[in-house]
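Peer 1: Take this structure, written in structure tokens, and hold onto it; I'll ask about it next.
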There are 4 protein chains.
Amino acid sequence: MALLVEKTTSGREYKVKDMSQADFGRLEIELAEVEMPGLMSCRSEFGPSQPLKGARITGSLHMTIQTAVLIETLTALGAEVRWCSCNIFSTQDHAAAAIARDSAAVFAWKGETLQEYWWCTERALDWGPGGGPDLIVDDGGDATLLIHEGVKAEEIYEKDGTLPDPNSTDNAEFQIVLTIIRDGLKTDPKKYHKMKRLFGVSEETTTGVKRLYQMQANGTLLFPAINVNDSVTKSKFDNLYGCRHSLPDGLMRATDIMIAGKVAVIAGYGDVGKGCAAAMKQAGARVIVTEIDPICALQALMEGLQVLTLEDVVSEADIFVTTTGNKDIIMVDHMRKMKNNAIVCNIGHFDNEIDMLGLETYPGVKRITIKPQTDRWVFPETNSGIIVLAEGRLMNLGCATGHPSFVMSCSFTNQLIAQLELWKERETGKYEKKVYVLPKHLDEKVAALHLGKLGAKLTKLSKDQADYISVPIEGPYKPAHYRY
Amino acid sequence: MALLVEKTTSGREYKVKDMSQADFGRLEIELAEVEMPGLMSCRSEFGPSQPLKGARITGSLHMTIQTAVLIETLTALGAEVRWCSCNIFSTQDHAAAAIARDSAAVFAWKGETLQEYWWCTERALDWGPGGGPDLIVDDGGDATLLIHEGVKAEEIYEKDGTLPDPNSTDNAEFQIVLTIIRDGLKTDPKKYHKMKRLFGVSEETTTGVKRLYQMQANGTLLFPAINVNDSVTKSKFDNLYGCRHSLPDGLMRATDIMIAGKVAVIAGYGDVGKGCAAAMKQAGARVIVTEIDPICALQALMEGLQVLTLEDVVSEADIFVTTTGNKDIIMVDHMRKMKNNAIVCNIGHFDNEIDMLGLETYPGVKRITIKPQTDRWVFPETNSGIIVLAEGRLMNLGCATGHPSFVMSCSFTNQLIAQLELWKERETGKYEKKVYVLPKHLDEKVAALHLGKLGAKLTKLSKDQADYISVPIEGPYKPAHYRY
Amino acid sequence: MALLVEKTTSGREYKVKDMSQADFGRLEIELAEVEMPGLMSCRSEFGPSQPLKGARITGSLHMTIQTAVLIETLTALGAEVRWCSCNIFSTQDHAAAAIARDSAAVFAWKGETLQEYWWCTERALDWGPGGGPDLIVDDGGDATLLIHEGVKAEEIYEKDGTLPDPNSTDNAEFQIVLTIIRDGLKTDPKKYHKMKRLFGVSEETTTGVKRLYQMQANGTLLFPAINVNDSVTKSKFDNLYGCRHSLPDGLMRATDIMIAGKVAVIAGYGDVGKGCAAAMKQAGARVIVTEIDPICALQALMEGLQVLTLEDVVSEADIFVTTTGNKDIIMVDHMRKMKNNAIVCNIGHFDNEIDMLGLETYPGVKRITIKPQTDRWVFPETNSGIIVLAEGRLMNLGCATGHPSFVMSCSFTNQLIAQLELWKERETGKYEKKVYVLPKHLDEKVAALHLGKLGAKLTKLSKDQADYISVPIEGPYKPAHYRY
Amino acid sequence: MALLVEKTTSGREYKVKDMSQADFGRLEIELAEVEMPGLMSCRSEFGPSQPLKGARITGSLHMTIQTAVLIETLTALGAEVRWCSCNIFSTQDHAAAAIARDSAAVFAWKGETLQEYWWCTERALDWGPGGGPDLIVDDGGDATLLIHEGVKAEEIYEKDGTLPDPNSTDNAEFQIVLTIIRDGLKTDPKKYHKMKRLFGVSEETTTGVKRLYQMQANGTLLFPAINVNDSVTKSKFDNLYGCRHSLPDGLMRATDIMIAGKVAVIAGYGDVGKGCAAAMKQAGARVIVTEIDPICALQALMEGLQVLTLEDVVSEADIFVTTTGNKDIIMVDHMRKMKNNAIVCNIGHFDNEIDMLGLETYPGVKRITIKPQTDRWVFPETNSGIIVLAEGRLMNLGCATGHPSFVMSCSFTNQLIAQLELWKERETGKYEKKVYVLPKHLDEKVAALHLGKLGAKLTKLSKDQADYISVPIEGPYKPAHYRY
């Protein structure tokens, strides 16, 4: 693999698919700005004071049109930015081109190999000899992971010269991570140590947040982290309403299948699963949920959904969607029993919910690529096929364009606020090497920034009413444990 | 007021409307048992060991058929029980009769005056000379309030002989509370002090819980409290799905109005408001939400609801429902501007959301009682009327029969588990004078007990999967802050 | 049976349950008037010209509050009216009382025996020696049936003196009809011949209309008939939206069951079935439809409903609703296999959809009346029970108050317009002894009369646009075969 | 314009965009076959007997993947086929390539000019010297129109040598039609006379059907026509459920806009409008309907939708969709008042619902093409833009891929059955020069062919039940006027 970094005339580095798409990207970015009132009003509010002046920010987050608006909000507030995508299929190439040309160093294209993916991640973290970024915007935690694994390897290497051994794992992707770190060690045995002085990461997704809490529990977290995922205006909006929008979008673009009348199995009934199940039900499908958690299962039942196990329904359903954040949900043995042309896809962050390895290595299986990210896999015994979307990865980003701008404006305004906070408090010691959630008044502010666009008017509490329910007139209005 | 306590042949005290309805009550209790799998399986699981043996429990909670099943579960587990309702209109007289005859001391009937209401509360707390109850099951906190106010008054009285002065407040209901305490002081100046040694209260409702947290914050809480309301299987079920069921039920029984095509205003979009709005939308109404909280407002918008202020829509809407837990939501000045025969009702716990005092004292206003709990109020200027349900009190209990058995089984299983816990730990010091929430594994257990009845099957985690997401195979499955 | 006709002080005949409920009835009638803009605007439009002056109208139609507004619209337009209910459980006694006291001769009460029912029908048709009514308002066709059977019997009797033999049928209800006719023949052998000169009937319901078309096909129809059921503003509104409202209403009043989470089987997916299925789905049930017609079945599938046979699901469902207009839908053999406390009810016009005879005569079966119209039937083998509503008759009228006023205003405005038309054309020969449907412009007018109440504004066609789609600017806008 | 017909190696004519897409087209056709059980089971049932042997069929119908399955069903039954699209944007080029290579003469590509469009239509009708097709499959009626206009012109020309004058109309498209006919007249003055001997047309769409009924009324219809649109399994499925699927699909592909929270205006509430409104409501938009017909307006209200005029809401809504089949619905004057980036689109057959001419000629207006079929138009006064999809033409076909296969299988099975019928009866005189609807038992058959794929099971009538409701056991089950 010999990937070359390119440079704009102004000298900014990048590697994208096709720079000629920058104009098209710019037009769609302009459309998106109108749909992202949270970010745009932050530009108005904070732009003049340049609060991110001097901050070097690395982002590892789907390089889409919406992310482009986030990046240009960061730069509008003074930051310098380097970016990679956090999924091999999620980049929108015209968005990447526009940003690379106009605003930030971008290393991302749709359809990266895993090698290319981690090369991009490394490039985004590479701020030259001075060390790494000041701040990270993360989604899924891969940038954070690379630094943590790098630091760990450097420590071992320093102790006794042992290099990481890619063959020590049979996880193909982790082999790549170890290779990158090993190769880096030879050049600069302190590379990741120089990075770890960073001021913090803000993390976007359930899966990435889970990793952070584990590191906090183990005492291995190297810098402060803000859990943006658990802002109400993130997890109860992006996860729920975003997926409600983008699951059918992905299904329709990839397969044109009529959803009405079909049986859809949604594995998992968390926020993402709730959004997916709602979308399928509304489109006229009959929805069956699989769950491990009795509370979520009871919620599904209250909405008229059936709760069964995958085994109960595997041969009757038409559409299977994994949303669990767990692994080994749909195995090749399930897939063999499915109806001809059943659709199998994953909308969870990582691609281990569907047993792609089992499928690929199934004896005699035949893969027919209908179009990119839409494959029909035919089993030899039955000559019957299933359709797998986005190779088992995030189907809404692989097959469509991900969540729409408006809901991403909620998520990304949280990201922005988290970045502002981490930078502002970079030397105050306010944030230790722990995981934090944004305070409720900021969460409410994010929501408030999005009401006007939809024509909503809020009711104002009187002093008397505020006292009666013991809240400030201006909020926050709910206790921390409130569930919305 | 000369109310007389009556006695069954076995000597148990009671005061109900009509003992001849006991058979009818029994039949409906038997139906409800089939719909309340949580309580019934607790009877099977715990009945043999009689874990509540010796416990004297006072309940202040709507004396309905569902509550009857709770009471008889408490007695089946060994407790002795005295009961009153927590709302003047919420008693189902046949339920009260059946329980009074067969199981517990009941003081409750539909249509109590406020004096009668507090007399009933006093009776339910009156366990004779030995003092009060060991445990309280509370809904809205009136039993807890009476004890706290009583203790406060006794302390003042002990200090300097000052008696509480009912004229010190212009809240008509609180005047009655003070009168009762004052009169009690003359007989037994330590009556409430004898009660306060109790082992704890489990509280059911948002409003009551708020009072408890305030007392905890002020340091005035006299005994441990378990906040049952914030169990997921309570607030996200009873409040949401219960109201989704019982709001249209109450509207239809009270007014027979066609909901389809109408404009319904839901004040507040918390769990109760969400249930109400969903019910109205599903029935074909156009729904407008009023909110103070931008996050809840944005949730309403994502469901296609309009968010405006009451002033914007007061003259165009057909149905107004308050769900806020706050006061002064719909004032007489709003009511004057409403369309002829607009329906005004409250489904929040307390009756101060609608300005009934302003309405009653409006010059020249005329009240026409269509039937009990359904009044038409005609304004003199316009000769136009509005229809007020349940005199501004809990309309689903005043005009219909409250939430259905199945969802109350979730709530009451939480109550039961809380009572078991408080009694079991009564001498261990585990619970201080604070407010507690039940641990998540019990919350999940409550849900699990309700799945079989609905034909659901849970998926089991493998060891490998459980490790991957860092949860025990048997749960609990979610972090404390998870919002469902 | 010795039923006595009573008389008001003004000499009008009646037989109702309780005249003291007249005031209550009047209050609810006044509420209903506000919800019935179609009828009320007909009072304004036609009242002054008294177009029904001299018309003697007999109605056989559920004697509810809504019907009361229809009756008083007929009298406001000049008619003289006699009325009975068309179902033994559907009368609202306060409505009957108010009408009997104030407006028309009423023979109806809730809970008639079948003998009483047909006695009432006879009374409503009895306009004294001069013969029968000029016009009939029918629902289900019982008034029309009695006249047709009467005439047939009189012809046979005239020919050879044969009297009808009640034992010639094993249908219990038809035995009563024959008995009435036989007894009438002895008194007046031309009684029904005198009636048949009437100017027409307007019929309300799918079932009644089917009878009329059969008589038309057989050439036995004795007078013109207007099929009001197939006005769009009747069958696509009352049948669909009416049932969507009144099915859950009836279920909730009768059983308080939580609908969410339950499995509901709807037999039949015509307009009534569509309304019922929508109601159950919206309330959170999982809905299974049974159908004979592949088109309706495919419609159900497109809405995400499952289509199976009753046999497939009889032991798993919680709620069974028949809407077919056919007979023998749920047999006692099905009922034996149901879950304990499964609810069985019928919302079709006639009570032969559920095998009540089979149930009543099942060896060892036990009937436990929870309350009127709610019976638990326990099978001896299993000691398991099912709950039958309204004895298998129209559950929404037996257990609740039927359809709400607004949608009945659509239906009844069609009835009123049909009556006006039949009376106006009584001597022109416009209507032969056939079944007619109202012209589309009247159908559209009925709809138009109901828009203002709901705040709707119509768009006006320009001349140019009207020409382009070849319709008059003022409508009608659709071809006759348009399905809406 | 010098378009050249190309030929396959086997000598079949075609003109498509890119023959190299044929393999891709074939793969998607194979997927679609699995979703089109109606057509595929007709292949099994009728294929062996080759009932269309000898028939020359011209189709003018969106050249999509689904249409490809129809074409190959026609050829599988023995027909010879020539095809063009009926909309300049609706061709899927890979479908056209696959059919051109494998099965039929195709003249169609995405993005034709109007000249090219009519050239294609001419080619599809051109069966060589022997005259035109035997049968036409039409959608919108353009093929039928061309023949009728051609015959009319030829008659005039024969009489006095007058040629059609393109300048006699200011409709740009009709100018092209006249030009084509004029040019044809010079070559062959009997060209269209030779065509008119055809055995019939089956027409697909509301708009085309309306034209046919007008010609029938004027006595100008030249051959029999079967109105496929008014089969229940067409208009109540394709129009309703097809649009419910493809409207959001088109919106999402074209603009990625979040639908939840937005205000959507649906102009027209016929079957198409009902599908569109349902889709927008389900996706979380607030829906406002405009209507001229009070019955449809009342239906919208019963679903909780608001009914207003376009003027009332033009400046507040976010999405505008025309579904009326009428013209001049959204004028440039409306567009000027819209919010910035409001989306304007049409899902009706013809492109005159939106005033594109007014927009294009608005002084100073600027068109910015975001991507094909997505244009932003900026008004000079406000610098505010609106987004017009598919240049005002059918947005679901222009911006997405039209209706999904399953629902098109219903529509196309009707088309197929109509073609079979017209061909079978070509010499029996059964069909006169009139418009016919398929008999109900065929409509029911179409539905029945689609049930198995969705796992449905029908209930069978007993003989006794069939007699009771007077229908044959095997159907048809409903009277002709039944509305479903």
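For all residues, glycine too, the Cβ spot is worked out from N, Cα and C.
Those TrEMBL annotations? Automatic predictions, nothing curated.
When I checked TrEMBL for this same protein, it listed these features:
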{"type": "BINDING", "residues": "A:Thr64, A:Asp139, A:Glu204, A:Lys234, A:Asp238", "note": "substrate binding site"}
{"type": "BINDING", "residues": "A:205-207, A:270-275, A:Glu291, A:347-349, A:Asn396, A:His403", "note": "NAD(+) binding site"}
{"type": "DOMAIN", "residues": "A:239-402", "note": "domain 'S-adenosyl-L-homocysteine hydrolase NAD binding'"}
Peer 1: How many Å separate the two farthest-apart Cα atoms among the substrate-binding residues A:Thr64, A:Asp139, A:Glu204, A:Lys234, A:Asp238?
Peer 2: 17
Peer 1: Just to verify a number: CA distance, A:Asp271 (NAD(+) binding site) to A:Asp238 (substrate binding site), in angstrom, no decimals.
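Peer 2: The separation of the Cα atoms works out to 9 Å.
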Peer 1: If you skip the near sequence neighbours and keep only those at least six away, which residues in the chain come within under 8 angstroms of A:Thr207 (NAD(+) binding site), Cβ to Cβ?
Peer 2: A:Gly140, A:Gly141, A:Gly325, A:Gly348, A:His349, A:Phe350
Peer 1: Fill in the CA-CA distance, A:Ile347 (NAD(+) binding site) to A:Asp238 (substrate binding site), as an integer in Å.
Peer 2: 13
Peer 1: A:Asp238 (substrate binding site): which of the binding-site residues A:Thr205, A:Gly273, A:Gly275, A:His403 is the nearest Cα neighbour?
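Peer 2: Among A:Thr205, A:Gly273, A:Gly275, A:His403, A:His403.
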Peer 1: Under 8 Å between C-beta atoms and at least six apart in sequence, can you list the same-chain neighbours of A:Lys234 (substrate binding site), or say none if there are none?
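Peer 2: Correct list: A:Glu204, A:Val228, A:Cys410, A:Ser411, A:Asn414.
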Peer 1: For A:Asp139 (substrate binding site), what residues in its own chain, 6 or more apart in sequence, show a Cβ-Cβ distance under 8 Å?
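Peer 2: Looking at Cβ-Cβ distances below 8 Å from A:Asp139 (substrate binding site), excluding near sequence neighbours, one finds A:Ser60, A:Leu61, A:His62, A:Cys86, A:Glu203, A:Glu204, A:Thr205, A:Gly208, A:His349.
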Peer 1: Including all protein chains shown, what's the count of other C-beta atoms within 10 A of the C-beta of A:Glu204 (substrate binding site)?
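Peer 2: The Cβ of A:Glu204 (substrate binding site) has 29 Cβ neighbours within 10 Å.
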Peer 1: When the Cα-Cα distance from A:Thr64 (substrate binding site) is computed for each of the binding-site residues A:Gly273, A:Gly275, A:His403, which gives the smallest value?
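Peer 2: When the Cα distances are compared, A:His403 comes out closest.
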Peer 1: State the count of C-beta atoms found within 10 angstroms of the C-beta of A:Gly273 (NAD(+) binding site), not counting that atom itself.
Peer 2: 28
Peer 1: If you count other C-beta atoms within 10 angstroms, which of the binding-site residues A:His349, A:His403 is the most crowded?
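Peer 2: It comes out as A:His403.
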Peer 1: Long-range neighbours only, meaning 6 or more apart in sequence with Cβ under 8 Å: which ones does A:Gly275 (NAD(+) binding site) have?
Peer 2: A:Asn239, A:Leu240, A:Tyr241, A:Gly242, A:Cys243, A:Arg244, A:Leu247
Peer 1: Once the chains shown are all counted, how many other Cβ atoms turn up within 10 Å of the Cβ of A:Thr205 (NAD(+) binding site)?
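Peer 2: Here the count is 27.
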Peer 1: Does DSSP give A:Ile347 (NAD(+) binding site) helix, strand or coil?
Peer 2: coil
